Structure formats: C-alpha cells, structure tokens
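According to Swiss-Prot, the protein carries these features:
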{"type": "BINDING", "residues": "Asp633, His747", "note": "divalent metal cation binding site"}
{"type": "COMPBIAS", "residues": "49-59", "note": "compositional bias 'Low complexity'"}
{"type": "COMPBIAS", "residues": "66-78", "note": "compositional bias 'Low complexity'"}
{"type": "CARBOHYD", "residues": "Asn189", "note": "N-linked glycosylation site"}
{"type": "CARBOHYD", "residues": "Asn623", "note": "N-linked glycosylation site"}
{"type": "CARBOHYD", "residues": "Asn796", "note": "N-linked glycosylation site"}
{"type": "REGION", "residues": "34-82", "note": "region 'Disordered'"}
{"type": "TOPO_DOM", "residues": "1-7", "note": "topological domain 'Cytoplasmic'"}
{"type": "TOPO_DOM", "residues": "29-802", "note": "topological domain 'Lumenal'"}
{"type": "TRANSMEM", "residues": "8-28", "note": "transmembrane segment"}
Amino acid sequence: MAARGRRAWLSVLLGLVLGFVLASRLVLPRASELKRAGPRRRASPEGCRSGQAAASQAGGARGDARGAQLWPPGSDPDGGPRDRNFLFVGVMTAQKYLQTRAVAAYRTWSKTIPGKVQFFSSEGSDTSVPIPVVPLRGVDDSYPPQKKSFMMLKYMHDHYLDKYEWFMRADDDVYIKGDRLENFLRSLNSSEPLFLGQTGLGTTEEMGKLALEPGENFCMGGPGVIMSREVLRRMVPHIGKCLREMYTTHEDVEVGRCVRRFAGVQCVWSYEMQQLFYENYEQNKKGYIRDLHNSKIHQAITLHPNKNPPYQYRLHSYMLSRKISELRHRTIQLHREIVLMSKYSNTEIHKEDLQLGIPPSFMRFQPRQREEILEWEFLTGKYLYSAVDGQPPRRGMDSAQREALDDIVMQVMEMINANAKTRGRIIDFKEIQYGYRRVNPMYGAEYILDLLLLYKKHKGKKMTVPVRRHAYLQQTFSKIQFVEHEELDAQELAKRINQESGSLSFLSNSLKKLVPFQLPGSKSEHKEPKDKKINILIPLSGRFDMFVRFMGNFEKTCLIPNQNVKLVVLLFNSDSNPDKAKQVELMRDYRIKYPKADMQILPVSGEFSRALALEVGSSQFNNESLLFFCDVDLVFTTEFLQRCRANTVLGQQIYFPIIFSQYDPKIVYSGKVPSDNHFAFTQKTGFWRNYGFGITCIYKGDLVRVGGFDVSIQGWGLEDVDLFNKVVQAGLKTFRSQEVGVVHVHHPVFCDPNLDPKQYKMCLGSKASTYGSTQQLAEMWLEKNDPSYSKSSNNNGSVRTA
C-alpha cells in the first residue's frame, strides 16, 4: 500500500512539473512575441482622440522626428512598390499656418503622394516645425501670394526639374488623394506640355476685368494646379518678366497667363476637370467640406477648401474608412471565388469561406419555423414602419438609417453610371418612392428599393425621361475582427498571476526558473479588487417582497464574489411606506452577515419621487464616482457590472442600457409553473424597453454637468426622459445597447389617477405593454372567439437563455 501511495504522489508531482514546463515553453514565448510585435491601438471610446494623439507624437522631416505614416515609405498601400520620383508637390502656406493647416496636410494626404511634398513659406519662417519647410528668400506672407507662387515654381525648376515628371502647386487647405492622382497622371504623357486643373474664367463680377481674350482661361489655384516637366522648363526662365507684367491681383490668373505666354499651352478645356479638381461652391461658405457622403467627393482627386485642421483629419479618416470598405468588399469577392473554384477543383470548402463566400440571395437563411422568419420593415423617404414588438408602428427615420440609405443609393448610382460615357447617357437619382429593409444577423443588411430616376441621353437625340426601377441590394457582413483592448505584456501578466497566487515552496529553485507561474497556496494574501467601484442607488418605498428578491440577487452577484460596489438604499420615510421597519431589519441582517460589505440606508423625506431620491443619493459622492441608477424590481449579473464600467467614460459617455422586461408569467405560461430563470429571452417571455432610460451608468461629474434631475417631478416616470434629453443637449455621447445582464422582473403595475396626465398616460401604456406579446394575446383572443382556430398549428419554439 505504501509503495502504491508513493507511486500516486510521484505521478501527481510529475504531472505538475510537465504541465508547468509546457506552459513556460508555449504560453510565455507567445506572449513575448505579441509584445515584440508592438503595442496595439486601444479599442476605446476615445478612438479618434487616440489616433490624433498618436499623430501628434510624430515628428517631421527635420531631426529624428518623422510624421505619422500610414504605410512604410516607398510602399504602396495595396502592397506594391511605389515610384518616389514621380510627382513633386509644392504647398503654399504662411508662418501663421505652419503649426495648424500645414501640419494637418503633412500628417494626412502627404503620405499618399508618389514623390516629394514640401511647404513653402515666407523668408524667416520657423523651420523647427515637424514638416519640411522651405523659406523663400525675399518673399513675405502678404496676400495675394503672387510672388510666393512664382518663386516656388522657380525653386522647383532649379532643384528638382530633372528628378520628377510632374509638378503640382497646392494650397495648405486642400486634400489630395495621392493614389488616384498617380493613376490619373500615369495615363498621360509627361513629356508633352500639359497644364492641368479646374478651368476658370472668373466670377460674373470679374468678367472682362481679368485681361483674358476670348478663348483664354486659367487653372484655378484652390483645387490645385499640375504642370508637366516640359511646361515648367519652358515657363520658369521668363518668371521675372511675368512678375513685372501682371494685370490682376489674382495669383492663379497670372500663373495661367505666364504659362500660356511662354509654354504655349493653357488650362485644359475639359468638363471632367471640374469633377476631378473639386471646389466646394456652397452658398454659405464655412471653409470646410461638410457633406462627405457624396458621389462628388468620391470621384474627385483633390478637394478644396478645408481650412480648419480638425475637418482635414475628419476628411482623411473618412477616406481611410472608404479604403477599408473597399478592401473588405475585395475579401468577400475572394471568398466567393474560392467557393466557386472549389467546386471545379473538387476540394473541401472551409467553413469561413462557405460563410463569407455564399452568393448574394435573399434566401441565404432558411427559417425552420414561423418564429425564425425575418420580417421586413417598410420605409419611405421619411418614415419607417415596423411590426416588431416593442417598436412603434411608425417612427421617423433616424440619422444612422438615413445615412446608410444615402450611402447605398450613392453606391448604386455609381454602379449604374460606371459606363455612362460609352453608352451616351447618364442617370440621376431623384428619390426613394418606397422600400423594404431587414437585417440578417448571419449575413448582412438587405434592401428592396423602388427608385425614381432621371434618364438623361446626351448622344444622338437628347432627352430627359423619368423612370422607376427596383433595386435588390445586400450589404454582406465581412469577417469578424477582434481588437485587443490592451496590449499584452508577458512580464506584467506573469507578475500579476504570481501576485494573486502562493509560492511553489515544494519545488526547487531550479524548477522555479523554468516555471514563472505559481500555484495557489496557504500564503496567498487577500487582494483588494482593482475594478472601479460602482455605487448602486435604489429608491425604495414599500415593495418589501421585491426588496427581498433584489437583496438575494445582490448577495449572489456582488457580496459573495466580493465585487467592488456600494449599495445605497434611498428609503422614503413617508406614512405611505408600511414596510419601512422590515426593510431596515433586512438590511441589518445582511450587514451582520457581510460586515466588510459597503451598504447603507439613506432616509429621504416626503412622498415618493424617484428623481428626488436619486438626486439626494448622488449628492453623497464626488465627481469621480461611478453611479448606477437601479430599481428594486431588477435583477442583474456580474457581467453587467463590468459593462457598466467599460461603457461609461467620465466627461465623454453615459451608458443607458436597453433592458429586457418580462411579460406576465400567468399569460406566458398559461397557468403552468413559471420558469425560475429570469434570463430567458424570447418574443414570448418579454420585450426590450427601447424607450426606457431609467437604468443608467453615469459619473457624478457628468450628472452635475448636465444639470442633474428635475426634482419637481413627482411619482412615476418622466425623470428618466428628462435626464436623457439633458445628456444629449450637453453634447455627451449616449451608449445604448440591449443589455442581457439586466432583467425587469414582472410585477403588477398600479397607475395612480392623481398623477400628472402625461405621467398617467405613460404609466397606462407601460402597464398595457407588460401583459404579453402581440402574437400570444392574439392567440388567446382567437381561442376564445374563433372555434375553428387550432393552437396545434402554433409552434412556440425553443427558449433561448443567457
């Protein structure tokens, strides 16, 4: 027996040693490899700020600092090598714009140029800024910048004439798509004298005052001017004469006159140039391009003006998002090609290829029972009509859906007009007559749109005819991608695991070198939770049975797992609360059972008012405290507490979860024993409170910033809608999502007729919504009133639980 016991202990010890060695060889090297791969960007609500911060840490062309790069120098974003001696771009700027517009241009579009970008400013300009600045001798920042423009062209000629094929004069408030510009210029012969840009003749008021002969023009300077090497070679030797013989104060007019006079060419007469070199002609000129979801923005090579740097970054971010969309679409096409070729090659299709490569069809998802059928929503240009439980029958089109429709229509029109030139016609979008939409969670969004279009024929017999067409569209979901919220540090990971565990005192020191992890032991110390403390505020008056259930859930969710929370019960002392003594006694029992738990009762005087209670409770905390406004008829999980922390950002974002509300169990289960599981989510058991805002995670500082609760609101309702409106008006972000970790447990609803009429109406509406689903109520009515109705045809489906 002793030998057998020793063998058993040796087997256990050998298993432990082998397990630790394998963990050391496999887990930690992988973690170290991830660390060496470089830090990953955080997927936080401050995504845009993080990107700007990263950009602000990047330097320029002088010293060791370099600008923020979207891809390595000398490489194409599509993966191929780039010719870095193709295009030279000279950007005209001024000393006062070096730190703003010039830096924004350098950190955004300049990295896409297949060549060199330099910024030209006045003599004596600050060259310590993180961009390549050229101070032009004898030039100041006076406006109009005629001398600056000519001297910049001379600098290009003297230093780079034989090094680049094309030369561009640009403003510091322009945005240039380097890849599209390269494709356009490579279709032309740079050996010929070519002068490119948006053709200009002057404004209506300037007609006849620019010294232009009939048939003469100039290239407008705002969207950018491009000239071939031959034009620069012919013109620059005569710049002195051009400067002495100027007829207007317009710099671009005089450059065009000089080119026409000495290079023998002028700005190309082409309607297409107006689209490629885009100038924003809005009546209320604000100095930036506001509407980005526009086909003109997509077709253009240059965009002007964007005088405010934040709008330059906004435009650049949008262009990158379009690039990402194109790449995702390309991956979907490749998956479809893989599926197609696998049929011919008789090879096995991977699950991912089968999921993403399925051909477009409205029948990709095959429902097996009635409850699984995906219903369509009807839409017009302004409204969305829905039969989904919990949604109003008609609601206004929200901004996100309207933007999605605009983007879809824009893509459809681009596809329709792809070969408009060869066909001699162009089709313009007029409006959406009506349509249908639905979202298939497995595959993507689906649309059927009835479009009113204008058919314009410009070849042969010209004509304009209104036409209607049906468009059947699918936006396929691409592959799911996960991003680390934080970078993985192998040493920190091992340190944290060791701190939370005991030591391997029964192993030798040599073994500890191979095994950086430790097993739990008797010496482990109690660690205080590092999660942000959540202060749970519950207004309470009566409802003792609900309070007992709430405290049972609170014990299981927070007290036993030692969650970092504080419970504040806001107890009303009015005579209408007969359960006050029992509630105080229950809290005393829990404090005795859990002496280290942070729980308190805060008395509130007067008649019940949720707004007053939460205002009194929140006043006990500082501005950095995280508050959770809760109700006694809720149950929640530990996972929700983590989402409450993650989705609430001080000074930026408030979390308004959309909670699940149970229907009346007597109706749901038809007299049978109700399920004890509150977290059963089906159309039969409950509905999502899309228009309820009472459950909130918010920092005290943000509550103060928006103005707090309206304590004049008495009784039931309205205080949550009022707070939500204040948050929106204060400019803070609201994060809303279905929250599977919070459930409103059904209870009978009593609506006091003495309430304010608006509150009373809302209460009655809420009460009516809690009886049961529309389908089940209809079935109950049919059972009683229609003898021919057979419930056997109805399949209730399976209950999905969380």
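Even glycines carry a Cβ here, placed using N, Cα and C.
A gap of 28 Å separates the Cα atoms of Asp633 (divalent metal cation binding site) and Asn623 (N-linked glycosylation site). Sorted by the number of other CB atoms within 10 A, the glycosylation sites Asn189, Asn623 start with Asn189, the lowest.
Within 10 Å of the C-beta of Asp633 (divalent metal cation binding site) there are 17 other C-beta atoms, taking all protein chains into account. All protein chains shown were included, and the count of other CB atoms within 10 Å of the CB of His747 (divalent metal cation binding site) stands at 15. Asn189 (N-linked glycosylation site) sits 79 Å from His747 (divalent metal cation binding site), taking the Cα positions as reference.
Restricting the average to the topological domain 'Lumenal' (29-802) gives a pLDDT of 82. Here the Cα atom of Asn623 (N-linked glycosylation site) is found 35 Å from that of His747 (divalent metal cation binding site).
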